[in-house]
């Protein structure tokens with residue numbers, strides 16, 4: 001069974017720590033990115049999410065948001081799934097959207113990555 005709680009590291013060396021997942025699937029944690037839009041030193045930023053309990057024999061899906069704290073005017077949303085391979089290694093796969101604040105509706109086209 002895949003457990004979201006714990007410390008995770010991605011291929012960019014960013015770190016994510018998820019606290020215990022509650023019975024209703026809600027979780028909180030911190031995300032420390034190594035990649036920033038502004039090229040400045042990042043701080044650990046709060047994340048909030050929820051895990052969907054899998055059906056029989058399935059792997060859990062989850063989603064969370066990160067509010068980049070004090071170094072960026074952007075917010076990111078992640079959605080993914082947790083897997084365990086035959087050797088017992090847990091892996092999270094995710095897709096993300098990052099929304100940066102812009103000054104006008106005319107600039108909206110460049111705000112989401």
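Including glycine, each Cβ sits where the backbone N, Cα and C put it.
Sequence-distant neighbours of residue 82 (disulfide bond) (same chain, six or more apart, CB under 8 Å from its CB) are 2, 3, 4, 59, 60, 61, 62, 90, 91, 92, listed in sequence order. The disulfide bond annotation in TrEMBL covers 2-82.
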Checklist line | Cβ neighbour count within 10 Å of residue 2 (disulfide bond) | finding: 16
